[in-house]
Amino acid sequence: MFQDRLLKKGLLASVMASAFVVSAFSSSAVAEDKKEVKLGVVTFLSGGAAGPFGIPARNAAELLIDAINKGQLPGAYSSVGLAGAQIAPIFVDENSKQKVADYKKLVQKDEVDAVIGYISSGSCKAIAPVAEEEKKLTVFFDCGTSQVFEDIITSPKYVFRTSAHATMDNVAAARYVVDTVKDVSTYSGINQNYAFGQDSWRDFSGSMKVLKESAKSVSEQFPKVFAGQYGAEISALLTKKPDIVHSSFWGGDMEALVIQGGGRQLFSRSKVVLTGGETGIERLGSQIPDGTIIGARGPNGPLAEDSALNDWFVKAYVDRFKSLPTYPSYHMAQAILGVKSAADKANSTDQAATIEAFKGLEFEVPSGKISMNLAGGHQATQGTAFGTYKFDKASGKGTLVNIKRYNAACVNPPEGMKSLEWIESGFKGAVCK
Amino acid sequence: MLTAVAILIDGLGFAAWLFLSSVGLTLIYGVMRILNIAHGGFYALGAYSSAWAIGLYMQTGSSVAFTYLLIPLMAIVVGLVAGLIIERGILRFMYGRDEVLMVLVTYAIFLILEDATKLIWGTESLVAYQPAYYLGNIEIFGIPYTVYKFALIGLAVLCGAVLWWGLNRTTTGKLLLVVIEDREVSSALGINVTLFFSATFVIGTTLGALGGAVTAPQISVVPGIGAEVIVMAFAVIVIGGMGSIGGAIIGAIFVGFARAVSVHLYPPAELFSIYLVMAAVLAIKPYGLFSLAQGRKI
C-alpha cells in the first residue's frame, strides 16, 4: 500500500517534472527561435514627404537598429537586440496607392514580427483596422490625428502609437500664444485639407475659445496637401489682419509658406505659429522671420532637454548623416525604443508577451519620458514645449528662445475622454505645472 | 473692394502659373497627339535645376540680378537635353501607336524622371528664394504682393503672345498648323513631319521646364512636385480643349479665378473648385472650350 503510494507519488512527481522540463524546454525553444526579429518599417521613401520626413525617419531607424543589434545604446538600452534577438528591418515606401496591400504583404508574405510605421494620418486611419484584423503588433510612430484611437479603433489590441497625437501640439500652441502674446483679439488658420490639418485647426481654435474667450477666428484656410502655392491664401489672411496665424503645415508645404508668407510680410503683420516648424530651422535659417512661434511635435530637436540618451542620439545621427535629427527622426527613435523596452520588459519576443508589456509602459527616449497611458495603454502622452524663433547672424543658425514647457497632463486629454470633448469641457482634469 | 482686388490679382497670378505649367503639355498634344504625362517630370527637372543653379550661383556672393537669366537658361538646357534624349531615344519608336499606349509610355518616363531627380539632387528640399525676394513688393490696397508674381504674369502673357505669333504669323508656324490639321497630308506635301515632332517636343519640354524653373524661387523644391502639377495642368487643358493654346489660356484663367474666388469667399470649397469648373465645362462642351475640330476620314 505504502509502496503503491510511493509509486503513485513517484509517477506524479516524474510526470510533473517531465511537464516542467517540456514546458521549460518549449519556452526556451520559443525564445530561441526568435534569434532574429523581422521588423517592417514603413515610411515615405519617395514623394513630397520623403525629404523632410520619410528619409530622416528611415535614417533614425537604421541608426537605432544598428546600435541595438550591436548593444551600443547607452544606459537602460545597452542590452543587445530585442530581448536578445537581432532586428532585421524590411523598409517599405509609404508613398503607395496600395498601403493596405503593402501592409498585408509585410504581415502575410514577409512574415514580419511587428510593423513600425506611418507618417500620414490618412495612412494610420487606413492601416489601424487592418492591423487589428491581421492581429499584428503595429506601432504608429509619427501620424498625428487623434481619430486613430478615438474613432477608428476604440478598443485596440495590436496597434500602439508612441508619439502623442496632434491635440498635444495644438493645445500647447494655444497655451503658448496666450502665455506670450499680448492683446490677441483675432486668429486664423492655414492648415492642410486632410485629417491632420483639420484636427489641428479644430484643437487649436477650440483651445483658443477656452483660453481666450474674447478672441475670434476670422479666417480658416484649408489648401490641398502638397499644393505648394499659397498666394491666394496669404492674401486672404492679409486682408483679415489676424493677430495670430496658426499652421500645422509640415515639410515642403511649411517651407513654401515661410518663403511666400515671409516675402509678403505675413509674418511681420501677424504672429505666425508653426506647430511643425522645427524641420525647417536648419534648411531655411534666416528665411524664418524672427518672432515666429515654433513647435516640434513634442520636445524634440532644439526643444529637447539635455540627457545622455539625447546626447548620444544627436551625436550618432550627425556623425552618420551629417545633419541634425529633426522630429520625425525623434519619433522613429521613440517607436523603436518603445518596442525594445516592451520586449526587454517581457524578456521575450513573443507578440502576446510584448503587447502585454507595452500596455501602459513608461520609457525614456531622447526627448524625455513617454507614458503609454491613453487608449487602454496603447497611446502615448508626453510633455511638450514651444519656443520663439531667433536667427543668430554670428553663427548663421536659428535658435529657439523663450521656450515654455508644458507637462503631459496639461496638454493631453485624460484617459476615457475624447480630445474635442476635453477641450470643450475647458480642459477638465488638466494639471498644468 | 479689397477682396475683389485680391481675387483679381491672385486669380491672375495663379492663372499665369497654370498657363506656364500647362502650355507645353497642350502644345505637344496638339501636334503629336501624345498626352505627355512626363510633362510633370520636366516641370520638376526645371524646378530642381533652377533651384540648384541659383543655390550654386548665390554661394559666389554675386548679384541676384543674374539669376533672372539663369532661370530660363536652365529651362532651355533641360528642354534640349531631356527633350531630345526622350524624343529621339524613346518616343520616335512609338509614333503611330494608340494614344492610350503613349500615355503609359510617358507615364513610365515620368516615373524614371522622378527617380532621376532624386538620384541627382537627393531627397532633401532645395530652397532658392532670392529671385522672388530681390524685386521687392508692391502694396495694393495695403496688401503686399511680390513684384516677382507680376513678372510671372508678364512672362505668361509674353509666352502666350510669342506662341500665337509663332504659330499664326510665321511660315514655320503655319506649316506646324498644317501638321496639326493632318499629319498624313502634311507628309505627302513634303513637310518634314519628323522634324516638326522633334522640335515641338523640345519646345514643349522647355516650356514645362520653364514652368518649374520660374516657380522654384517661390516654393520649397521637393520630390513629388511633378505629380502635383500634372493633375492641375491636365485640368487646365481639358477645360480649354486639348491641343489648343488659346484653350490653355482660357482654362488657366477659369481655374485660377475659381480657386481665388473660393479661397477668398468660401475656403472649404478650394479643394474641389477646380474640378467643379472642369465638370461644368465638360457637361456643356465635352471636348473642352476650344477643342480642335475632328475631321472624319472616309
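Each residue, glycine too, has its Cβ placed from N, Cα and C.
Among the features that TrEMBL reports, transmembrane segment is placed at B:6-29 (among others).
Residues 21, 24, 66-67, 70-71, 73-75, 77-79, 82-83, 109-110, 112-114, 116-117, 120-121, 126-128, 130-131, 205, 208-217, 219, 221, 223, 225-226, 229-230, 233 of the same chain, all 6+ positions outside the transmembrane segment (B:41-59), place their C-beta atoms under 8 angstroms from a C-beta of that stretch. Taken from TrEMBL, the feature transmembrane segment covers B:41-59 (among others).
Counting only same-chain residues 6+ beyond the ends of the transmembrane segment (B:65-87), those with a CB under 8 A from a CB of the stretch are 38, 42, 45-46, 49-50, 53-54, 57-58, 109, 113, 128, 130-131, 134, 197-198, 201-210, 212-214, 216-217. Feature annotation from TrEMBL assigns transmembrane segment to B:65-87 (among others).
Look at TrEMBL and you will find B:99-121 (among others) tagged as transmembrane segment. Same-chain residues lying 6 or more positions outside the transmembrane segment (B:99-121) and placing a CB less than 8 Å from one of its CB atoms are 33-42, 44-45, 48, 52, 82, 86, 90-91, 223-224, 226-227, 230.
Feature annotation from TrEMBL assigns transmembrane segment to B:141-167 (among others).
According to TrEMBL, the feature transmembrane segment maps to B:188-213 (among others).
Residues or ranges marked as transmembrane segment by TrEMBL: B:219-239 (among others). Sequence-distant contacts of the transmembrane segment (B:219-239) (same chain, at least 6 residues past either end, Cβ-Cβ under 8 Å): 18-19, 21-22, 25-26, 29, 37, 39-44, 47-48, 51, 110, 113-114, 117-118, 123, 125-128, 211-212, 247-248, 250-252, 254-255, 274-275, 277-278, 281-282, 288-289.
Residues of the same chain lying 6 or more positions beyond the ends of the transmembrane segment (B:272-293) and with a Cβ under 8 Å from any Cβ of it are 30, 180, 232, 235, 237-244, 246-247, 250-251, 254-255, 258-259, 261-262. The transmembrane segment feature in TrEMBL is assigned to B:272-293 (among others).
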Same-chain residue ranges lying at least 6 outside the transmembrane segment (B:188-213) that approach it to Cβ under 8 Å: 17, 20-25, 27-28, 31-32, 36, 39-40, 42-50, 71-72, 74-76, 78-80, 82-84, 86-88, 91-92, 95, 159, 175-176, 178-179, 225-226, 229
Intrachain residues whose Cβ lies under 8 Å of the transmembrane segment (B:141-167), provided they are six or more past its termini: 1-2, 5-6, 9, 12-13, 15-17, 19-20, 23, 27, 131-135, 173-174, 176-177, 207, 210, 214, 217-218, 245-246, 249, 252
